[in-house]
Amino acid sequence: MKHFLTLRDFSKEEILSLVNHASELKKEPKKLLQDKTLAMIFEKNSTRTRMAFELAITELGGKALFLSSNDLQLSRGEPVKDTARVIGAMVDFIMMRVNKHENLLEFARYSKAPVINALSELYHPTQVLGDLLTIKEWNKIQNGIAKVAFIGDSNNMCNSWLIAAAILGFEFSIAIPKNYEINPEIWDFAMKQALISGAKISLSHDKFKALKDKDVVITDTWVSMGEENEKERKIKEFEEFMIDEKAMSVANEDAILLHCLPAYRGYEVSEEIFEKHADVIFEEARNRLYVVKALLCFLDNQRGRK
C-alpha cells in the first residue's frame, strides 16, 4: 500500500501523472470515490488544507470526518500506533496535518489505510502539487523544464520544492539567510536525484542571484506556526529577502509569483507585488482542491491493486 508522506517516494512519471489528472478533474469533475471516507486529523489549524480535502472527497462522492487533537485519545496519552490501527481500519484515507513528521511516519506504519501528509515540519508535498498544476496552467514548463527560485526560509516548502525540482529535472535556485541551512540529508537526496534527472540546483544567500532568469518565484511566510516567539528575530534576519518590485525585476519579465498563504505583506512580499500576482496566487490556492482529488484517486487505485 502506498502512502503520500513526501515526494521522495514518487517517481517523475507519478508526479506528472498526478498533476495531469488534477488538470483533467478540474475541467471535468467526476464522482470517482463514491461512499469512500476520509479522516482528517489536524494538530495545526488550517484554512486552505481543510477546504481542499473536505471538498475534494465530497465532490468525488465520499465523506470527510474532521478530527482535531482534542477529539482523539492521543491527547490523553494513547500510543500513536493504537490510534492508527483503529482509524485505519474504519476509513479509506487518512489525512494528517502534524507538528512532528515522526508521528506521521509511525501512523503510516500501523495504518491499514493510506496516510497523506497535509503538512509536517519537514514537508508540505500537497502544496507543491498545487504549485505544479499552477505552473503548468501558466505555461511555465517548457520542454519539461521550469526555471524556479525559492526565496526565504529553509522550511517544509523549501524542502518539498527542492525534492520536486530534483526529481523533475527543473532549474531550481534557493536563497536563504547566511545563518540558515538546508536539511543535510534532504540536500544529499536532492543532489543524487539531480544527477539522474539533470536538474540544475543551486543554493546561495543572495536573492538577486537566485532570481536571475527565473520564470517562477516562490516565497513563504518567514514565521511558521509554532515559531511566534521567534518572530522579531526572524523578521530582522529575513528583511533582505522580501520579494518586491526590485526583486521581481531580476526575474524574467513575465515571471509569476507563488505563495502558499497566508501572506504577510510588508515582510516576505510587498503589498504591490502581491496584488500584482494575486490572480495567480489565489488560483494556486484553488488548485489544491484538484490535486487532492487526483491524489485520493491515485491512492485508491494503488490500494485496489494489492
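Cβ atoms are placed via backbone N, Cα and C, with glycine included.
Remark: Thr126 (carbamoyl phosphate binding site) has Phe4, Thr49, Ala52, Ile116, Asn117, Ala118, Leu119, Arg288, Val291, Val292, Leu295 as non-local neighbours, by Cβ distance under 8 Å and separation of at least 6 in sequence. The carbamoyl phosphate binding site annotation in Swiss-Prot covers Ser46, Thr47, Arg48, Thr49, Gln73, Arg97, His124, Pro125, Thr126, Gln127, Cys260, Leu261, Arg288 and rests on sequence analysis.
Look at Swiss-Prot and you will find Asn156, Asp220, Ser224, Met225 tagged as L-ornithine binding site, backed by sequence analysis. Listed in sequence order, the residues of the same chain lying 6 or more apart from Asn156 (L-ornithine binding site) and placing their CB within less than 8 Å of its CB are Leu119, Ser120, Glu121, Leu122, Tyr123, His124, Ser224.
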Across the record's L-ornithine-binding residues Asn156, Asp220, Ser224, Met225, the largest CA-CA distance in angstrom? 12
Long-range Cβ environment of Cys260 (carbamoyl phosphate binding site), under 8 Å and at least 6 residues apart: Arg48, His124, Gln127, Asp131, Met157, Asp220, Glu284, Ala285
Sequence-ordered list of residues in the chain of Ser46 (carbamoyl phosphate binding site) that lie 6 or more positions away and have a Cβ within less than 8 Å of its Cβ, or none, is Arg97, Ala118, Leu119
What is the number of other Cβ atoms found within 10 Å of the Cβ of Met225 (L-ornithine binding site)? 14
So if I draw a 10 Å sphere around the Cβ of Asp220 (L-ornithine binding site), how many other Cβ atoms end up inside it? 23
Relative to the mean position of the Cβ atoms of Asn156, Asp220, Ser224, Met225, the recorded L-ornithine site, which additional same-chain residues have Cβ within 8 Å? Leu119, Glu121, His124, Asp153, Asn155, Met157, Thr221, Glu227
